[in-house]
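One structure below.
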Amino acid sequence: MATLLPPPKRQKVYHGVPEPEAEPKAAVPNVVVQFVSEDDGTPLAPSINVPADLTRDSLESLVNRLSKVSEDPVPYSFHVNLPEKDATTGQPTRLVISKSIQEDLFAPANSKFSSEDIIVIQCSPQSVFKVRPATRCSSTLSGHEAPILCASFSPTGNLLATGSGDNNARLWNLDTETPSHTLEGHKGWVLCVEWEARERKLATGGHDGHVRLWDPKTGKALGDAMKGHSKWVTSLSWEPIHINPSNPRLASSSKDGTVRVWATQSRRCDYTLGGHTASVNVVRWGGGGAKGTGVLYTASSDRTVRVWDAASGKPLYTLKEHGHWVTTLTLNTDFVLRTGPFDHTAKKPSSDEEAQKMAQERYSKLISNVPELLITGSDDHTLFLWSVFGPVGEAPGGTKSIARLTGHQRQVSHVAFSPDGRWAASAGWDSSVRLWDGRTGKFIATLRGHVGPVYRLTWSADSRQLVSASKDTTLKLWNLKTYKIHTDLPGHTDEVYCVDFVADKVVSGGRDKVVKM
């Protein structure tokens, strides 16, 4: 049987009216584009003349073809810096190219660019893996009998620990999203939980001034509580795996103005740091230092930040530029130190030596371009960016800050570096989240959407997503290309105190006593 062809399309009839002429296409100008590296401003390719409506993906393949940095194509994000005088306070200081140069730079009514300009496009390589955005609540876990004050995923993301005002910490299995163990022993609220970077131990600090160690496999306590602090424990930090892979020590800061460093094998206090004159709010164990033996950073309510040699406990620097309590502190190496040898490839080290080597490789790669930096946030509404130790082999940065980050209208509650160290985000009691350049401290944009103070922030492992938790009972996932809300994550019935993000799971806990994933 012969195949029947479909009937021809009926021509449009204009009923005696002449057919209107097709609208001529608007001429697209050509522009001269210069691709430069965001890290150091070096050109990645020679200047090139391209049509202004070339799409973002075409720009990416063009820069990969011209630069020949690696055989595999590198995913880039592109932006153009606004001229300094045009970057008004509160407005973004850079324009992200998400569609094309024509649409993103020339089309806006108040555009500062024209086709006569040489467009300098800043290229920043993106991570080679991508985290799926969180879109829904997969489970609501109850069990705690009081508000949940802290939550932390283990480095591999297989386990979760939460601490609560009911004097208990709990462990949760993330494969089944069910509770696995209840850790009982503290005589006061559990204020902080911190995982050792190889997931062998969990440390908790409480309102009773005690620090306890737990075995996450069995949920049993490893010996008695480590006692010494006379007031409650405010934060905990483990020694990095690339410095001490077999028995990392633990640092605890307290409201009593001291920091204690504990040998976890003997559960004895190695030494006490007693230079602050008021509560020590945060302690961080950095992997840098002059000899690479590690340093301790402490932020206190006496308005200072102190840097100590972790091997001997000697004071190295005192940073005094804040005008009020210093309540939050972050390092650009935080993520790498916290996850140690574990990365997105899910390789597991078989021995301490292998774990040390893997952790050292990750740490060295991150600080190859830029030294270990820290940002401190305070109740004086400002943040400071510091580089205490300069690049390897160069003079140290010293006690003068690189930049003062201003813009928050009220106290800064939390600051966090992205895992790749390129960005920093700060949350404040003014209901806003602000984005900063992690290397220069320059303001990038304000993320608005919360209607109550923002308490905590957390980044995804690929540095492309940011989640904030607020007093307004919601979490918000932000789109860092448009600086607007990507997804609203409601569900809590009261204030959200803690949030953490690992793999493609976000966990949150708060005053309503439930854990949501």
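Glycine is treated like the rest: Cβ placed from N, Cα and C.
Since we're looking at a predicted model, the values are computed, not measured.
Sequence-distant contacts of the region 'Disordered' (1-23) (same chain, at least 6 residues past either end, Cβ-Cβ under 8 Å): none. The region 'Disordered' annotation in TrEMBL covers 1-23.
What TrEMBL lists as domain 'NLE' is 31-81. Counting residues per DSSP class in helix, strand and coil order gives 12 helix, 19 strand, 20 coil for the domain 'NLE' (31-81).
Note on the repeat 'WD' (141-182): residues 188-195, 197-199, 202, 204, 206, 214, 216, 218-219, 338-340, 342, 346, 348, 494, 497-503, 505, 507-517 of its chain, located 6 or more positions outside it, place their CB under 8 angstroms from a CB of the stretch. What TrEMBL records for 141-182 (among others) is repeat 'WD'.
Non-local neighbours of the repeat 'WD' (183-224) in the same chain are 146, 149-156, 158-159, 161-165, 167-171, 230-238, 240-241, 245, 248, 250, 252, 254, 256, 260, 262, 264, 267, 337-342, 349, 355, 359; each lies 6+ residues outside the stretch with a CB under 8 Å from one of its CB atoms. Sequence annotations record features per position, and here TrEMBL assigns repeat 'WD' to 183-224 (among others).
Residues in the repeat 'WD' (226-272) partition by DSSP class (helix H, G, I; strand E, B; coil) as 0 helix, 22 strand, 25 coil. Residues or ranges marked as repeat 'WD' by TrEMBL: 226-272 (among others).
Model confidence over the repeat 'WD' (273-318) stands at 88, taken as the mean pLDDT rounded to a whole number. Sequence annotations record features per position, and here TrEMBL assigns repeat 'WD' to 273-318 (among others).
Taken from TrEMBL, the feature repeat 'WD' covers 405-446 (among others).
The repeat 'WD' annotation in TrEMBL covers 447-482 (among others). Away from its own ends, the repeat 'WD' (447-482) comes close to residues 77, 96, 98, 126-127, 129-131, 133-134, 335, 344, 410, 413-420, 422-423, 425-435, 488-490, 492-503, 506, 508, 510 of its chain (Cβ-Cβ under 8 Å, at least six residues beyond either end).
Among the features that TrEMBL reports, repeat 'WD' is placed at 489-517 (among others).
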Helix, strand and coil residues within the repeat 'WD' (273-318) as assigned by DSSP: 0 helix, 23 strand, 23 coil
Counts by DSSP class (helix H/G/I, strand E/B, coil) across the repeat 'WD' (489-517): 0 helix, 17 strand, 12 coil
Cβ-Cβ under 8 Å with the repeat 'WD' (489-517): same-chain residues at least 6 beyond its ends: 131-134, 137-153, 157, 160, 162, 164, 172, 174, 177, 452, 455-461, 465, 467-471, 473-477
